[in-house]
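Here is the structure we will look at, set down as structure tokens.
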Amino acid sequence: FKGGDTCEYLLSSGRFLGEKVWQPHSCMMHKYKNSEAKNCLIDKHVVFIGDSRIRQLFYSFVKLINPQVKEEGNKHGNIPFEDKSASIKVDFLWYPEVNGSMRQRIKSWTEGSVAKPHIIVAGAATWSIKIHNGSNEGLTQYKINITSIAPLLEKLARSSDVYWVLQDPVYEDMLSDSRKMITNEKIDAYNEAAVRILNSSSRNSKAKVKLFSVSKLIAQETIMKSADGLHLPESSRDTNAMILMNVYCNKIMKPIDGSCCQPQPPLTLIQKLAFCFFTFSIIGYLIISLIHRNTSRKNKPCTDLESGEEKKPAISTPNVSTLEMLLHSFCKLGLIMTYFYLCDRANLFMKENKFYTHSSFFIPIVYVLVLGVFYTENTKETKVLNREQTDEWKGWMQLVILIYHISGASTFLPVYMHIRVLVAAYLFQTGYGHFSYFWIKGDFGVYRVCQVLFRLNFLVVVLCIVMDRPYQFYYFVPLVSVWFMIIYATLAVWPQIVQKKANGHCLWHLGLLLKLVCLLTCIYFLSYSQGAFERIFSFWPLSKCFELNGNVYEWWFRWKLDRYVVFHGMLFAFIYLALQKRQMISEGKGDPLFSSRVSNVLLFISIVSFLTYSIWASSCKNKTECNELHPSVSVVQILAFILIRNIPGYVRSVYSSFFAWFGRISLELFICQYHIWLAADTKGVLVLIPGYPVFNVLVSTFIFVCVAHEISQITNDLAQIVVPQDSSALLKRLLGLAGFFSGLLLFSAAQEQSRR
């Protein structure tokens, strides 16, 4: 870690990802929209002063504000631009040489009578080379002129942002005869003079003129596509304009995916309290460990020298296991959360933008799937969707989703649609698993509800506190939590219908189906009534949990996207358990699920359905239209997969222990990736080892998986302590948690008030 300012990196270094995507060194660049550019530059005056190359940069910059602007007007004259709606003025001033005229214009801005521009972008040299025919006298005069301008630029830099654009290389083979004297050797000499003089001047001043040298690197890769060998192609100058916008606007707009030039956010009151809590937990654990160790030493059996037998200690070892486990868990969690904070809130580690290529997605997918096949083992039971099989299913889906996220494959619509099916399959398992538990066990006690909600939400609540993010930001956990409560309410509400009761009379099955129909009706109504949905979740304190950016639209969109699949999971569980009870399916080891003929027909239909959905998803042209159809058709591929995986007996009898291992920590993997594998809240990629992308992914992945596994263990340990089976103890814990969340909401409200 070099410890430099990310603004310096943005202005001076980077590389191309593919042909047109520029990646600054160590930080992420935001792609500004017209509305964002206007909001940033409102009431601002920007001036570009220089030659035809600066004029090109001026037009690219203006098009970020208004894409309809055309490159018209006098090429060798001043060009004004004004956006009256946002009170933005951007001017190009034609000064092709660094001479007395340019000096006089810059000097006028340093005097009180003329308003200073907020941003000044200057640069020139090629005309000096051309007029003086590349002579040394011309270079000497350039040095004299820029030396006289440097103090004025430094004076302006005290109140304005001043950038000096270094000269881009030329493509000498394409230059016209009148420009043949403009060589890269001469350009390098002029750039060297400008850098030396401006840096020397800045050392004697608090203010600093920023050198825009990154344009040279961009030009080295793209100048051969130039139309005349001198001026950059449009895509390159657009990149330069976007870099300028990031340098100035990131600290104002604070975009999540624009980490360049953004200061580290200050610690909130809640974050400070969390830091104190984890610090005291670590200290407390160390003290108790030392006391426990010293007590163990004192009570260690000693040998009687006369008889040679061990004497037992008179005092028994004190029982501190529960307290020690609690502090030990919080101690580990505190260290892990420190790593989270350093990775994605402190400007310590580098972050880079994602860049999608087919190979970056499909090669890891093939590798992981082949690896999973090598860890095939026999299942303990051969039932449909047994525990090993569901863990395996969650595992390979989670690995595919992780690869999807780190490779930026959401830009490729066919992949996006298939990943949507995987997310739907998680929710399908939520409906299937919880319905099966309540239907078979009939356990609607508070203990079960608290256990499930604690295991689902513990990590997310901690991250909301430590990373200063809203609960809805980790959208998947609110989604499965709400669906769990909907499943619970559907089955727990009077009349409670469970398998034991339904076996007594078939009418109870009809009653349950009526409940499911009512649930489906409510889902259908809420999905097409955004107003009703938003009213339900706009009541305080629900609004605090489900709002994102001040409204619940994002929550409605996420819920609506997979609105039917949980119901499908519940219905599938009901039908499967009914068939199983009536012994209409065969689940013996190696036996097909149905008779040979029925199995073959269903298998054929499943394969055709699976492929048909994939063909449809691959032919999608519009994400909005496909998202509208997705809730109704995603179940086709899910059911097809279940039947393909379970109809053949030999396939149902084996599973991949590799995938199952990841499946058991799938929730932790999904949440942890936000901050310690990806970066900038999933918008970018964390860089621990710059310059070696493959090695970086290997190292960050190893740490990420270890952390997810450790958090899973911590959650399981704390669940036993925080959610006890004893009713009176559980009630006390619930009252304590209610007090904790009340305090959290009050602190959160106070924070929002102070920010305003």
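In case you wondered, yes, glycine gets a Cβ from its N, Cα and C as well.
Caution: TrEMBL annotation is automatic and unverified by curators.
The domain 'NXPE C-terminal' annotation in TrEMBL covers 22-92. What TrEMBL lists as domain 'Cas1p 10 TM acyl transferase' is 253-734. According to TrEMBL, the feature transmembrane segment maps to 269-291, 355-375, 395-416, 423-440, 446-466, 473-495, 507-526, 561-579, 599-617, 659-680, 692-711, 731-750.
With a cut-off of 8 Å on Cβ pairs spaced 6 or more residues apart, the transmembrane segment (395-416) and the transmembrane segment (731-750) reach fewer than 3 such pairs and are scored as not touching. The transmembrane segment (423-440) makes no contact with the transmembrane segment (599-617): fewer than 3 of their CB pairs lie within 8 A, with pairs spaced 6 or more apart in sequence. Residues 423, 426-427, 430-431, 434-435, 438-439, 444, 449, 452-453, 456-457, 460, 463-464, 511, 515-516, 519, 545-546, 548, 554-555, 558-559, 562, 566, 570, 667, 670-671, 674, 681 of the same chain sit 6 or more residues outside the transmembrane segment (473-495) yet have a Cβ under 8 Å from a Cβ within it. Of the candidate ranges 269-291, 355-375, 446-466, 561-579, 446-466 contributes the most Cβ pairs within a distance under 8 Å of the transmembrane segment (659-680).
Highlighted: of the candidate stretches 269-291, 355-375, 507-526, 561-579, 269-291 has the greatest count of Cβ pairs under 8 Å to the transmembrane segment (446-466).
Mean model confidence for the domain 'NXPE C-terminal' (22-92) is a pLDDT of 94. Sequence-distant residue pairs (6 or more apart) of the transmembrane segment (507-526) and the transmembrane segment (355-375) include fewer than 3 whose Cβ atoms are under 8 Å, leaving the two stretches without contact.
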